[in-house]
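Here is the structure we will look at, set down as structure tokens.
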Amino acid sequence: MSGEMDKPLISRRLVDSDGSLAEVPKEAPKVGILGSGDFARSLATRLVGSGFSVVVGSRNPKRTAGLFPSLAQVTFQEEAVSSPEVIFVAVFREHYSSLCSLADQLAGKILVDVSNPTEKEHLQHRQSNAEYLASLFPACTVVKAFNVISAWALQAGPRDGNRQVLICSDQPEAKRTISEMARAMGFTPLDMGSLASAREVEAIPLRLLPSWKVPTLLALGLFVCFYTYNFIRDVLQPYIRKDENKFYKMPLSVVNTTLPCVAYVLLSLVYLPGVLAAALQLRRGTKYQRFPDWLDHWLQHRKQIGLLSFFFAMLHALYSFCLPLRRSHRYDLVNLAVKQVLANKSRLWVEEEVWRMEIYLSLGVLALGMLSLLAVTSLPSIANSLNWKEFSFVQSTLGFVALILSTMHTLTYGWTRAFEENHYKFYLPPTFTLTLLLPCVIILAKGLFLLPCLSRRLTKIRRGWEKDGAVKFMLPGDHTQGEKTSHV
């Protein structure tokens with residue numbers, strides 16, 4: 001009975017990368033860490049929690065001992081590197097030379113470089129940090145790993161941070177050892193090849209949303225253009241022509257007029273490249289020729305453009321809710337009531353305007369709901385739970401429905417304003433007429449592609465048929481047309 005009571009309540013088991021429990025070896029290898037910064041402390045915490053024996057080497061162990069877990073041994077650097085076979089080098093590149101005095105003790109051991117250069121250092125040095133470390137310690141095996149994992153992710157665990165650990169080294173056995181450690185810590189190792197790949201791996205943390213740069217600049221450019229256009233029509237024109245001060249509209253009213261224009265055009269730009277790609281395939285008669293680079297990049301940025309469209313649409317909805325809260329709106333209501341009294345009208349009701357408002361608000365809510373569905377299904381956790389047909393239906397079919405609803409929302413908002421002369425201020429057409437051009441072209445093109453003569457040809461091309469091919473090809477059930485040829 002006493003023997004049972006001496007057993008620990010929690011066994012030395014770890015959560016593996018797939019969520020299952022993985023056994024740690026009974027005699028876990030001793031791991032050394034050189035450095036006492038934030039990353040070194042987080043790494044030590046994670047290693048201790050995973051059942052490893054951790055020795056931390058510091059220049060001043062008495063000062064830094066209280067910052068590390070109690071189970072981690074904090075000592076001088078010479079003692080920390082004496083027994084472990086795997087040593088994490090958690091110091092900056094400029095401090096590598098201070099470790100040269102340990103070269104004899106480090107010989108034959110695995111050095112794991114976890115550092116990242118600054119943008120200036122990355123451009124200045126041709127060698128990666130890991131390659132530079134390997135040149136200083138030729139008798140050691142250098143592995144680049146854990147540099148894309150943040151200190152917070154190490155402390156919080158892989159469930160709340162990035163799970164992938166990118167690993168590169170010239171020695172397969174060393175990569176295997178570090179991969180096993182990463183799995184024991186609950187992460188997913190990913191082999192990136194030899195140590196020559198370390199420069200590319202070190203560049204990853206330096207990137208700031210690379211796939212969002214062009215879509216964001218596009219959205220900002222559209223916002224500036226539409227805001228300037230609306231400012232000229234709604235603020236500048238009344239000031240010049242009628243001497244009316246409408247500058248109070250700039251912070252909210254003009255912004256709210258601009259937001260739906262940007263959202264609508266961005267949504268159109270999500271589906272325009274698909275139309276261009278289909279037209280190009282029909283013209284070429286094959287799918288095996290590459291698209292132009294500009295079209296290829298455009299197709300790859302559709303997700304980001306769509307999410308920005310949803311963002312601007314949500315802002316438009318929030319701004320619209322704020323419109324009745326403005327002091328200027330309250331003054332307009334009072335002035336309208338005074339005019340009604342002076343005109344001796346007991347009831348003001350315009351049936352056409354009432355119906356128009358009800359319809360276009362309803363269509364706007366439906367369009368925003370569709371965009372919300374598209375945004376949710378673009379999340380990796382949701383997208384991974386859908387098969388390709390389900391994902392394609394939501395993003396392609398329902399997305400096109402959202403474009404149609406947005407077009408109907410815009411048309412009912414504009415109503416007959418496009419044909420009324422007083423709405424052409426400075427001879428500039430209403431803003432909504434400009435936004436309608438591109439979506440209407442896309443909807444018309446999509447409708448043309450649904451015609452049997454184009455639809456069947458496009459389907460054949462995407463199944464491998466070629467206009468000037470050499471292999472007989474016929475779609476299932478296509479008995480009425482002659483045989484075609486293909487290189488399938």
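For all residues, glycine too, the Cβ spot is worked out from N, Cα and C.
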Residue pair Gln300, Ala418: same membrane side in Swiss-Prot: no
Listed as phosphoserine by Swiss-Prot, one of Ser20, Ser128, Ser385, Ser392: Ser20
Listed as phosphoserine by Swiss-Prot, one of Ser17, Ser82, Ser115, Ser328: Ser17
Cβ neighbour count (within 10 Å, all chains shown) around His316 (heme b binding site): 22
Candidate with sparsest Cβ neighbourhood (10 Å radius) among His95, Lys303, the listed binding-site residues: His95
Cα separation, Trp152 (FAD binding site) to Ser97 (NADP(+) binding site) (Å, whole number): 28
Separation of alpha carbons, His316 (heme b binding site) and Ser378 (FAD binding site) (Å): 21
Cβ-based isolation winner (fewest other Cβ atoms within 10 Å) among the binding-site residues Ser97, Gln281, Ser378, Gln395: Ser97
For the transmembrane segment (259-279), sequence-distant contacts whose Cβ falls under 8 Å of one of its Cβ atoms, 6 or more beyond its ends: 218-219, 222-223, 226, 230, 291, 295, 298-299, 302, 305-306, 308-313, 315-316, 319, 371, 396, 399-400, 402-403, 406, 410, 431-432, 434-435, 438-439, 442, 445-446, 449, 458
Within-chain partners of the topological domain 'Cytoplasmic' (280-304) [C-beta distance under 8 Å, separation at least 6 from its ends]: 211-212, 214-216, 270, 273-274, 378, 454, 457-458, 461-462, 464, 466-468, 487
Proximal residue to Ser58 (NADP(+) binding site) among binding-site residues Trp152, Tyr229, Gln281, Tyr319, Gln395 (C-alpha distance): Trp152
